[in-house]
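Let me begin by presenting the structure, written as structure tokens, before commenting on it.
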Amino acid sequence: MSGKTLYDKLWDAHVVRENPDGSALLYVDRQLLHEVTSPQAFEGLRLAGRRPWRVEANLAVTDHNVPTTNRAQGIADPVSRVQVQTLDRNCEEFGITEYGMLDRRQGIVHVVGPEQGATQPGMTVVCGDSHTSTHGALGALAFGIGTSEVEHALATQTVVQKKAKRMLVRVDGQLGRGVTAKDVVLAIIGRIGTAGGTGYAIEFGGEAIRSLSVEGRMTVCNMSIEAGARCGMVAVDDMTIDYVRGRPFAPKGEHWDQAVAYWKTLHSDPDAEFDQVVVLDAAEIEPQVTWGTSPEMVVPVGGCVPNPFEEQDEVKRSSMGRALDYMGLQPGTPIKEIRLDRVFIGSCTNSRIEDLRAAAEVVRGHKVADSLTQALVVPGSGVVKEQAEKEGLDRVFIEAGFEWREPGCSMCLAMNADRLQSGERCASTSNRNFEGRQGQGGRTHLVNPAMAAAAAIAGHFVDVRHWPE
């Protein structure tokens, strides 16, 4: 009998019952909640006269709808205000810990969970949010669920799931200078496509992945969803354990020692078999820039906007044509000649302290291009913001002409005051470049934080490996 993959180990450890239809009832170790997908779930509990099964297993934050300026004045948009106030009331009524809008620990749920130690290796982690896959970077089985499942998890501490197939994405060798975790995952998506991971749980491995920091691994796992996967994960190593050590929710004393002993088993066995293996050479990965309306529409910064007529597949050719029309681009245009209106550094993909340090290093001593309407930096949490300010990063950004904001999802999605106007073009460190994602008619290009910072200074894309040119 062959060994087990990391996914197998995590799955098997949480199966409560296997169902006749092939699904299984999985125990949930941690549920994370936010204001958008939880109101109906709490109302369902209320109508049924139920209470959460394990109150302490839940943690709530406000992130999607919160303003990133003038918080003392409250939320201007009535719908957003109601959603945030509803989460506040629900958490108070049901006794759930919440980091509300004015709490220093507030931030994007997928930044807050790991930094507070609420996400730990070996856990099942669920949230009513597709990018819950982020938490797999810590060797957890983490995936997004729907609102009805949020209610089910609150009431029973379980969810029903079908087991996914197993994919290993191995990135061999070392990354070159200026190439980041964001470039790795965009290159992976460019290789396998946004449907390449459909039906799979992806384990990311190889020398390049192991050399990434835990925050870098979070960036990779965050976008496993954009590759179509159910979840993404990285095996536990000493770096993982050191990351969790001492955080507020982390085990203490002898419980820590017991946890570490278990966590060290959370890796795929040498003889484990995967349903599919994809291999990339790290040395071939360059800084990436998306040009279209899907994360798979991506090329190296030194490349050009592709020509749909060179695509043999009719469906792909048609979608490329539509994307070019929406993005207002011509085939053959060098990526470096694409001029920008706005730059956004933030989101659950790239708003952690390492991301802000990388961006600040590029920005230091420069000024935002006069041609830009706005350059925005939004820390992923209050904790990240405090650390950045302690290091003086806020001054670097502000002196260069960036806006330094309060934490939240911000311009990643058009659910708050930070959004693009129709026709505006944005270099963004977020994870989705769909039509209208950042605002109706807005045009999004996905890049890493240093690339976004350099683009803000130049007013167009540049190769950060040769910065300043």
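Positions of Cβ are set from backbone N, Cα and C atoms, glycine also.
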TODO: Going by Swiss-Prot, Cys409, Cys412 bind [4Fe-4S] cluster; tell me which of Cys304, Cys348 is listed for that site too.
DONE: Cys348
Open item on the list: Can you name every residue in this chain, apart from Cys348, Cys409, Cys412, with its Cβ inside 8 Å of the center of the Cβ atoms of the recorded [4Fe-4S] cluster site?
Closed with: Asp63, His64, Ile108, His110, His131, Gly346, Ser347, Thr349, Ser351, Gly408, Ser410, Leu413, Ser430, Asn431
Open item on the list: Validating a neighbour-count step here. Other CB atoms within 10 A of the CB of Cys348 ([4Fe-4S] cluster binding site): how many?
Closed with: 27
Task: Cys348 ([4Fe-4S] cluster binding site): secondary structure state under DSSP, collapsed to three categories - done: coil
Task: Around the Cβ of Cys412 ([4Fe-4S] cluster binding site), the count of other Cβ atoms that are within 10 Å - done: 29
Open item on the list: Using DSSP and collapsing to three states, where does Cys412 ([4Fe-4S] cluster binding site) fall: helix, strand or coil?
Closed with: helix
